[in-house]
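As given in TrEMBL:
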{"type": "BINDING", "residues": "T98, S99, F126, P127, T128, D129, D198, H201, Y223, W253", "note": "pyridoxal 5'-phosphate binding site"}
{"type": "MOD_RES", "residues": "K224", "note": "N6-(pyridoxal phosphate)lysine"}
Amino acid sequence: MTTTREECAALDAADPLAPFRAEFVLPEGLIYLDGNSLGVLPARTPERVRQVVEQEWGQQLIRSWNEAGWFAKPHTLGARVAPLLGAAAGQVVVCDTTSVNLFKVLAAALGLRPGRSTVLAERAAFPTDLYIAEGVSALAGGGARTELLDSADQLADRLGPDTAVVLLSLVDYRTGELLDLPAITRQVQAAGALMVWDVCHAVGALPIELDANGVDFAVGCTYKYLNSGPGSPAFLYVAERHLAAAEQPLSGWFGHAKPFDFEPGYRPVDGIGRFLTSSPSLLGQAALESSLEIWEQVDLAEVRAKSLALTELFIELVDPLAKYGVEVVTPRERARRGSQVALRHPDGYPVVQALIARGVVGDFRAPDLMRFGFTPLYLSYTEVWDAARQLAEVLESEEWREEQFGRRGEVT
Ligand SMILES: Cc1ncc(COP(=O)(O)O)c(C=O)c1O
Ligand SMILES: Nc1c(O)cccc1C(=O)C[C@H](N)C(=O)O
């Protein structure tokens, strides 16, 4: 028995998260299934950004560094992101980008494991993570190198006395697979290595328990499920027990013990502040501040429950599309699934383009994956039903073959 549109409407009527939809700007007639790449605009954000521009910058000018709390923002925002990560305060700062933060924590982690020189990472990781790991390994000296795993399942064979750090994404950006954070963290630490999680595709999509699982380091972005806008500042987490000894190489003045003493030598401040480098981007932070006001009202258990229900519904509705060559790549087991569904199709690129032309926005990742992100705060069950129907129509009509939708292999 397939779920009907009427049943979806009933699920929407009973949805405890439904009121949050009014918090977001959703373009008329669009079903947005790409919030796993760029989250939508919160309705309250333009006003908050305007206030920072016109009031804090325009009127208060330089006084805002103190009076509007600009200096402290990396910390105050870090403390507000921390609950989304299952982290006590004092271990999270908001700053820079995911790539830059990854550079800092990987270098710090390598420094905490002298005598060990291997970084293990998944071959299928989001490429910037691998590029950064390569860069850090090259700079670390001592023959440090990054080695790639075909999957995290290989850890049992590959962890060894030379493994310094393991870097993994909690949710895979392509397949949407969710890894077992508690078990993997334990396994890595049992081998004497340190665990770094990239939580870009997990934060705001499901509860994350960094402290409870003794994670060493984590990094992530705020422009996906957290809705803070393109290029909004990222965050990093360093477990309290590492803060005294951890050293990061981007030793800019914001990480200095006394930045306004303008000393010639670098002296890192105690605590998580040593992972800061330079002046924060206040406008991006204003947007994050605004979206966090929404997140502070959200129960992450409800988000996870709805996320699983939405992805399950979509999988159920697209399963019959196997007759058009569609294969569900995302794990069906709840415990192994993040908040997106990836479908394999040899002509995934033009199919996604045809779907976008119909007002259903997903995306495509080479070589053949169509990705659909499910954001519980602003997506309804009915929209998921409608999106699956539109996909079925695109495949049935073969309209994706039209010239305008391009061909496989084109870049999005
Ligand atoms: C898993 C993952 N890590 C890192 C990044 C890169 O982040 P940034 O460009 O903000 O450094 C992304 C997305 O862009 C991502 O999906
Ligand atoms: N960060 C992005 C950007 O600056 C431009 C285009 C896309 C992105 C993304 O976030 C891509 C995303 N991480 C992905 O999962 O593919």
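Heads up, the Cβ atoms here are built off N, Cα and C, so glycines get one too.
Those TrEMBL annotations? Automatic predictions, nothing curated.
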Contacting binding-site residues for ligand 1, chosen from T98, F126, D198, Y223 when the Cβ sits under 6 angstroms of any of its atoms: T98, F126, D198
Nearest-integer angstrom distance between the alpha carbons (Cα) of K224 (N6-(pyridoxal phosphate)lysine) and F126 (pyridoxal 5'-phosphate binding site): 14
Site of maximum Cβ density within 10 Å, from binding-site residues F126, Y223: Y223
Number of other Cβ atoms within 10 Å of the Cβ of D198 (pyridoxal 5'-phosphate binding site) across all protein chains: 28
Packing count at T98 (pyridoxal 5'-phosphate binding site) (other Cβ atoms within 10 Å of its Cβ): 23
Site of maximum Cβ density within 10 Å, from recorded positions T128, K224: K224
Assigned element (helix, strand, coil) containing D198 (pyridoxal 5'-phosphate binding site), judged by DSSP: strand
Extent of the pyridoxal 5'-phosphate binding site in Å [max Cα distance among T98, S99, F126, P127, T128, D129, D198, H201, Y223, W253]: 31
